[in-house]
Amino acid sequence: MKIFICEDDPKQRENMVTIIKNYIMIEEKPMEIALATDNPYEVLEQAKNMNDIGCYFLDIQLSTDINGIKLGSEIRKHDPVGNIIFVTSHSELTYLTFVYKVAAMDFIFKDDPAELRTRIIDCLETAHTRLQLLSKDNSVETIELKRGSNSVYVQYDDIMFFESSTKSHRLIAHLDNRQIEFYGNLKELSQLDDRFFRCHNSFVVNRHNIESIDSKERIVYFKNKEHCYASVRNVKKK
């Protein structure tokens, strides 16, 4: 998958490049940064010649005669199922996506560096999963984790367990190498398929990713070295 960045702030652009390059290297994803620029017309020209699905990180306010949302609208004409993510400091401009009818994957706000990194990675994960779903391999099972204004798609095989959050109506998905907080309930998750089992009031585990169980201490250990607890009556059921 080719990734395009259009950001007119050089420092912000370089920061995004670093985040994405590190992610690709560490996770060994089949992705590459095809272009990082402040020129929207360079991105549009690349989109016109795309044979595959692209992933576009677009600053909304650009120092040119075209803004990021208009750019996204033009990209849609050439890459109708591409992943478009808007990066901005101005939340009040998000309404323009409805004006231009751009189906954006996410809106990422620049103000919080930690959140910026997390959301970029979430978008890359979701873009990768979408690409797999659109490829010939339709056997990959995924779940949509709703986070409010956006969703993250993750594969069943990447899930270690789900945990109740301290925040109302929210859960935490423990994946192979990260955690995602989302809206949901454990009862529904335990019914996804036979691999998911509610071992405790606060946990639903993925049986396929269990490494070992300490029946005496009622602790479930997973392949990624995390653990959770099981109730007495559910230890033997697993």
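Using N, Cα and C of the backbone, Cβ positions are placed for all residues, glycine too.
Annotated features in Swiss-Prot:
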type	residues	note
DOMAIN	2-125	domain 'Response regulatory'
DOMAIN	143-238	domain 'HTH LytTR-type'
MOD_RES	Asp59	4-aspartylphosphate
Long-range Cβ list for Asp59 (4-aspartylphosphate), cut-off under 8 Å, min separation 6+ in sequence, same chain only, gives Cys6, Glu7, Asp8, Asp9, Gln12, Gly68, Phe86, Val87, Thr88
Rounded mean pLDDT within the domain 'Response regulatory' (2-125) lands at 89
